[in-house]
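Participant: According to Swiss-Prot:
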ACT_SITE  GLU174  active site
ACT_SITE  HIS250  active site
ACT_SITE  CYS368  active site, nucleophile
BINDING   19-28, ASN110, 137-138, ARG214, ASP252, ASN362  substrate binding site
Amino acid sequence: MKHFEANFDGLVGPTHNYAGLSFGNVASLNNAALVSNPKAAAKQGLQKAKALADLGMIQGMLAPQERPDLNTLRRIGFSGSDAQVLQQAAKTAPALLNACCSASSMWTANAATVSPSADTRDGKLHFTPANLVDKLHRSIEPTTTGRILTATFNDPHYFHHHNHLPEHNSFGDEGAANHTRLCQEYGHAGVELFVYGQEATNPNAPRPQKYPARQTLEASMAIARLHQLEEDNCVFIQQNPDVIDQGVFHNDVIAVGNQNVLFYHEQAFLNTQAKLDEIRRKLDTELFFIEVPTTKVAINNAVKSYLFNTQIITLPSGEMAIIAPTDCQENPAVYAYLNELLTLNTPIKQVLYFDVKQSMQNGGGPACLRLRVAMNEREVAAANQHTLLNDALFARLNTWVDKHYRDRLSTQDLADPQLVVESRTALDELTQIMKLGSVYPFQR
């Protein structure tokens, strides 16, 4: 049977804006209050996804969340018509309105953690939506995320969906952005790397001082239990607290893995050597640990360019390629390193550059925009076929974006009642295009 790694990218929602909501994410804070272009953002994301499909990859799309989130605004005491709720929130609590209008679900690396059937005791593909408790604007996503995932991977014979973890900082979970999987072939049992920022229940353990550690060891271990993983299939590794304090808010900003390659910055982890030895012990295959030294790429350049927030994909030819943002080309140190990387004797043979600037300005590169799902051909056939990107769906989604999305949106525009109407009309049509059923609160 054939095995693949599919990528499911987040469709950028109609309210994509720059409100600077993500403390600890330098790009997000630096670009707060810029005027955004939701139409361009959605098209950039679709273009990147289609390019991967054209390379022969299995590429899916995940629907965005309903925003503005009037349910949450009502839950915290705003009342009246939709227009009145928006007006009151804009006047008395603009920061809360901004949080309820975020299009952050576009970064599906935070949607969930996924364990493929080759690793799990029951032989099913497991999904757990991330609770994202560290950030208000993302903590309101998981229930709808769970519905969208269930509608996308909709055959219970193959797919096992869990509820998100308890909504408490002890179980802070940021999904696949802090998780990667190493293996020989996608269909073989692999080793899942769970990267955490702190131990919530151990006050003496190392933790960052300036910015929050969004992922806890307790959350990572809970996911491993839920997903029925054996100890031999897991390695728990702590992210270096010093790099979190330099703006590395998720592990996918400082490391990325694919099959038998782990590409990471020398400052990425604590106890690096011991953990690499553990991976070698648990995964009996030839491994390539590509460590990028600080002397070649400083942390600030890695964060600015999102060198590690790239995708490493295995092309149908068997060669690996890096999918990088054009920002990597524009940073001399990073561009020089990537050119050097291609001369080293590793499976990575090419670098392909994509413009995802609308996402980058909010602090998310190519890897943030996708959820990786290792699947066999039966599982691919059992998934919702209307979510898999081909020429027809690509054309249809582009037409849908042209019809419903604005080409400029400022934070002041978020209080416009018309935005609610536009957003709901768009999402209602999208659920019909992608055959998702009633996943949104306004449809229920």
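Any Cβ shown, glycine's included, is placed from N, Cα and C.
Neighbours and distances for these, please.
Facilitator: Within 10 Å of the C-beta of GLU174 (active site) there are 30 other C-beta atoms, taking all protein chains into account. DSSP assigns GLU174 (active site) to coil in the three-state reduction, outside any helix or strand.
Close to HIS250 (active site) in the fold, though at least 6 residues off in sequence, lie ALA109, ASN110, GLU174, ALA177, ASN178, ARG214, GLN215, CYS368, each with a CB less than 8 Å from its CB.
All protein chains included, CYS368 (active site, nucleophile) registers 26 other Cβ atoms within 10 Å of its own Cβ.
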Participant: Among ALA19, LEU21, the binding-site residues in question, whose Cβ has the most other Cβ atoms within 10 Å in this structure?
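Facilitator: Per the Cβ count, the most surrounded site is ALA19.
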